[in-house]
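To start, the structure under review is shown below, and the notes come after it.
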């Protein structure tokens, strides 16, 4: 198999400046593979880099290819690659450690400060026709798992990591704050891990309906309630305060509601990223021994996710609501910015636009 044609890529130059450009087709190193990209999802972080040119300390200083929720086909392997061959369909884990530091040695490579991560400045992403990546972080997809499911393993991994950090187990009562793509994958995984009841909050009625379809037991459409009122509604629906809360919005009022809602001795996991400084009722959490935990991306999740998808124990296909060919990427980004649908997928292979 050979790379042919142009390497069309979606490139952000600075805040508000998003372009479709042709990039050189890369040559894989000894431990890398060259991929013909198939499906790449648009993440909120991609839109944020486009709109603002930065996320926290990660600043777009040079043109950067976006995209990190991805799958594709191997078309060339480096000399040292033995477990993959041309023609293999793979899902891409976007974070690749650059060194074996203390975090890698303890299995928490996501915390390595020098990690390569697709579409995080200055590292290019994979929203393009052809892309090279570390072979060790490309995972072969079973025939029963589609390319789109392979791309969705990235957001699904956030749910796996968050629910593991939260300690979801058989019989857990769980509150998920926010029903965007990340809130929805947390619903899926919480139920998969044995949660007895899951309640979800959001502003959008349509997204809450999707949450119900994916397994949520109860939903609350937020209007103008105070954080304490939201917490009271959560308790009323569950019949008790939840032992576990997964906050997926990053909005100050939602974090406040999450603290008030969580049962004494319970766990709150902060997944959504908002302003660097927020005002929260920390004393309320402290005196009730509510453990507040963060997560940063994920680690050791791709094999688990592939096994779950191959076994058909979970269904993430309903997350994809819109599809665009790569040539219409700018239209796809505008659609995402307007908040339409749930997950928008870009199809990068002009010869195969199937899921």
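Cβ coordinates are placed from backbone N, Cα and C, and glycine is handled just like the others.
Among the features that Swiss-Prot reports, Zn(2+) binding site is placed at 43, 68, 69. Counting every protein chain shown, the Cβ of residue 43 (Zn(2+) binding site) has 23 other Cβ atoms within 10 Å.
Non-local neighbourhood of residue 154 (substrate binding site): 41, 43, 68, 69, 70, 92, 93, 94, each in the same chain, at least six residues away, with C-beta under 8 Å from its C-beta. Taken from Swiss-Prot, the feature substrate binding site covers 49, 154, 297, 298.
Residues or ranges marked as NAD(+) binding site in Swiss-Prot (evidence: similarity to another entry): 182, 202, 207, 271, 272, 273, 295, 296, 297. In the three-state DSSP assignment, the secondary structure recorded for residue 272 (NAD(+) binding site) is coil. Contacts of residue 272 (NAD(+) binding site) defined by a Cβ separation under 8 A and a same-chain sequence distance of 6+ are given as 177, 178, 182, 247, 248, 249, 250, 251, 254, in order along the sequence.
What Swiss-Prot records for 2 is N-acetylalanine. Counting every protein chain shown, 9 other Cβ atoms lie within 10 Å of the Cβ of residue 2 (N-acetylalanine).
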Mind giving me a neighbour count for residue 295 (NAD(+) binding site)? Other Cβ atoms within 10 Å of its Cβ, every protein chain shown.
18
Cβ contacts within 10 Å for residue 298 (substrate binding site), all chains included, total 24
Spatial neighbours of residue 49 (substrate binding site) that are distant in sequence (at least 6 apart) but have CB under 8 A
12, 55, 60, 64, 66, 119, 121
What does DSSP call residue 69 (Zn(2+) binding site) in the simple three-state scheme?
strand
Should residue 207 (NAD(+) binding site) be counted as helix, strand, or coil on the basis of DSSP?
helix
